[in-house]
Amino acid sequence: MEVTIAGILERDLSEGELAEAIRGLREHGAFRGEGLPAAMSGLLSSCNSRLTSASSRIEGLSLLALAVEESPTDVFVQHCVSWLRSLLQIIQSQDPPRVVSLAVFVLRSLLAHSSALPELSREISTNHIPGLLTSLLGLRRQCLVPALEGIRSCFLSYPRACGSLRGKLTAFLLSLLDAENQQIQEVACQCYSLLPSLGSGFSQGIKHTENWERQIQSVICSLHSVFLQLYQGSETDTARYEGSGTELEFPSVEDDGTHGVLQLARRFTALGQCMRLLLREQFPAPVRVPVSDILSLVCRVVNVSPKNLSWHGEESLKLLLLPRVHSSILEILEATIIACGPRLLPFSAVICRLFPQLLLSWAAVKGITGIPSGQERPYSSLRCSVYRVLETWVTTCGISSGVLQGPMHHSDILLANLLSDITPPTDAIKMSTFVQLGAKKQKVSEVGDDDFQSHRKRDNTANVELCAAALKGLCCVILHCGSVIKEDVHRRLQELSIPLLLRLQQGSDQWLGPYISSDCRKELYRLLLCLTLTPNPKLPAPLHCAIRIFRGGTTEESLQVSRFSTEALAICRILIHPRVPSLQRPLPHLAPRPSVQSDAPTLRPPAALSTFPAMPPANHLPPRPTVPAMSTEPPIPAAVPSPPPEESFGEKPRRAVFIHFDKEEPSDVEISLESDSDDSVVIVPEGLFAKSDSKPEPSPPAVKPPTEEVTEQVAPSAVPSSSTAAPPPPPPPPAPPVCAGPSSAPVPIAEAPPPPQQEVDTVININSSDDEEDGEEDEEEGLYDDEDEEDYYDEEEDEDLEGLEEDDYDYEEDEEGITEEEEEDLEEEGEDDEEEVEDEECLMPDEMQIGSEAEEIPDGIETSSLHEGELEEGPPRLSPVQEDEAVDTGLLMLVESEDREPSGEAPGEGLPESDLTRSPPQPPVLTPPSPPDEPPPMEESDVPPLEEPDLEVAPVAEEPVEETEEKKPEEVTVEKPEPEPEEEEQIADADAMLADFVDCPPDDDKLPEPCT
């Protein structure tokens, strides 16, 4: 490689051949590899030898440009200062402008690379930049463009070092803003926009910010002054500049005639470009844009329209220059929109009014309506500028831009101009029916020479840019604001775009104007896609038509049109037939729900539905932490507020009801409403309560969780008395969540309406009977009824009966626990009427009455068993209990509607909380019964503290459990008239269905003892 490089450099190559050789060396990276110091040294020696000779200086500069770009860092640092001096000598010499231009080109690359090296940049900024700027300012007029390029490079790479020459540089640049050479004017404007960043910015660039704000105010003031001189006497608006800026020191305009008007027009255009660059260029410090002053200037310029000027005298020249002035002011508006963005929304009404005002003012000029097809429309460049700014405004502010949404007049004008610019021209044939009598018949060759020409001169590129700009602006408006645009606008656009695209695909012989260009056809396809994606809510989207048209567009001869049609077709197809579920953010996994029999009717409240319930999306994203169905925190008293809604999936908190026996048996049943299966009957395994006692969960020190010992001490007492009632009932609760626990999955039975919203837990003890083997059956005899709730039960009877059908297989097993003697007693005693039977079918599991409803309780009858029958209407009355019902069935629980309230609790009752349930372990609440007619609503946080007031205990509480159960039917039995035959059948049916409600499939851990 070294030999090849040396051979190429030693040859005498022409400028073109040397350029090709340098391009090849750079492509191969010949000087970037390691171990090539000889090649780099050969390049540097060849470069220095050619720079010393004036005849080969161009070749030397070309090799120097290659060395600056390809040299490693150490070589660059070593030779950078010497290269800079060589370039400065070439700039100060009287070399041709071409050599000076090439030297400035190498200088720009050298300054850009050296500014990134701290040590080198410090030396150059201190010792070389001021002299370099002085040399550039002294170049002759033929080298103004290279000089300005070099000055701009110094401003960008070493702005701090250029601050000492700010005044001289400002005067030099202002003198060039009126230059007739457009290239000089553009570079001078670029340099002028960088003046505020020169010098030291002090703390946090405060000096830079002040310089920028002062300079932009000076530019605005100068624009007002120049416009006043240019169109004095033609303005109808009396607005003037009231800012803090001072006019720039331009040289005065000597000629008041045509030359003066042209000079003022060039100055106005240059100042507008300076303002645009001030707003668009990156600045090292935050600045404040004077939006009000800028918009006032824009409105003042736009208000001067062609109707204010005439085509005679000096005003004709001003009228010719007015489109250029308007285009310049539109560039300022576009730069302001880009710089400020949505902060301009308070001025949206003013900005939206500018577009139709400009389009309408230039469309009303005389003589522009008779332009034949195939010719460029007048003021097309100005209209393109309007559509470009419109697209920028809508893209920046979106649907808040207000385009085509404001006053009907302005929206209609804008839409009409857009449609006229995207509609292809048509040839109009004028037919005349007037025939002069006695006139000579014309020859065919003489007909239509002026009115009908099938072949005329046309420009195939005419109005292509205008049509493309209008389509882009319209696509942007429809895409961002299509859903709020009027229905009529959508209909008109559909009626225009769809037939036109079909004509284009069919290859119509008619000339279609700008749609010969592939850019216009592509934008027309894009308009149809935007109409499909953002339709009006009251108008159907052209989805199916779009699919057909896009399918035809895939065969377009233009590659960009076919590529876009393929993309649009894929979008439309996926709208109609999604292939797979879309990727979603990680969702919490719900706790597993127990299996429910398919034929069981449910009244379960709506749960959180997934986007694809049938087939969950197989996301590869990691799932979020699961939201527990039940709180895993230690149990808290009922007075503490309920868990937040997100822990119960947005539902209301549940109220748990537990049924504990004085003598825990392996077959005991614990029923909890803290389950998302609405009703869960869980068979508690043997030893579960013992485990929970050994591992009590923490609770607040003020309230001690009930223990089994307390229950055993209170167990000898009789059935709870009526003096004990539940606290004031809160609102009804919703359906329970999943009950997580160590035991097997609960077997769901009949669905229940949502329980009260916030209620305290209720623990009810039911004493066992004489025969322990029939312990489940004798507790069922008196758990259900209350005459005050029968109205609601009538409404819920049908739903509960449907829920009971799923447990038909339990009825046969439950019949085994009913003896013949019990059946005879049931036929003899008919104290339960039809309404009481309905009540038995609808009771909630947390409200347990003993026996059926009794109309009257004789004096002297023990009412201690009313503890478990307290409802929100007041203390219930005991119903007569037959002797045979004591051994009827096992534990029987029915689910009431959501209006039912919890029953009372006996003092000291309850067992320590097991892992199966998460109800707060609190002592039973003993409060007086609530009034029977006005149940006060009560939130969970308002529940009074747990107390055990001194209440009278019936004497029967001192008797043993067996004796209490034996005497119980005699004490509460009240003679009643025999029921009718229909009532007997209803009682039998109700007993059968109530029996189905109790027995459940055995637990996975341990089978319960069979009922006898």
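Placed from the backbone N, Cα and C atoms, the Cβ positions cover glycine too.
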Motif 'LXXLL motif 10' range according to Swiss-Prot, out of 99-103, 274-278, 529-533: 529-533
Counts by DSSP class (helix H/G/I, strand E/B, coil) across the motif 'LXXLL motif 2' (63-67): 5 helix, 0 strand, 0 coil
Structural state census, the motif 'LXXLL motif 4' (129-133) (DSSP three-state): 5 helix, 0 strand, 0 coil
Which value does the mean pLDDT take for the motif 'LXXLL motif 2' (63-67) in this predicted structure? 91
Composition by DSSP (helix, strand, coil) of residues within the motif 'LXXLL motif 9' (524-528): 5 helix, 0 strand, 0 coil
With Cβ-Cβ distances below 8 Å as the criterion, list the same-chain residues six or more beyond the ends of the motif 'LXXLL motif 6' (223-227) that contact it, or say none. 240-241, 247, 264, 267-268, 271-272, 275, 297, 300-301, 325
Please list, for the motif 'LXXLL motif 6' (223-227), how many residues fall into helix, strand and coil according to DSSP. 5 helix, 0 strand, 0 coil
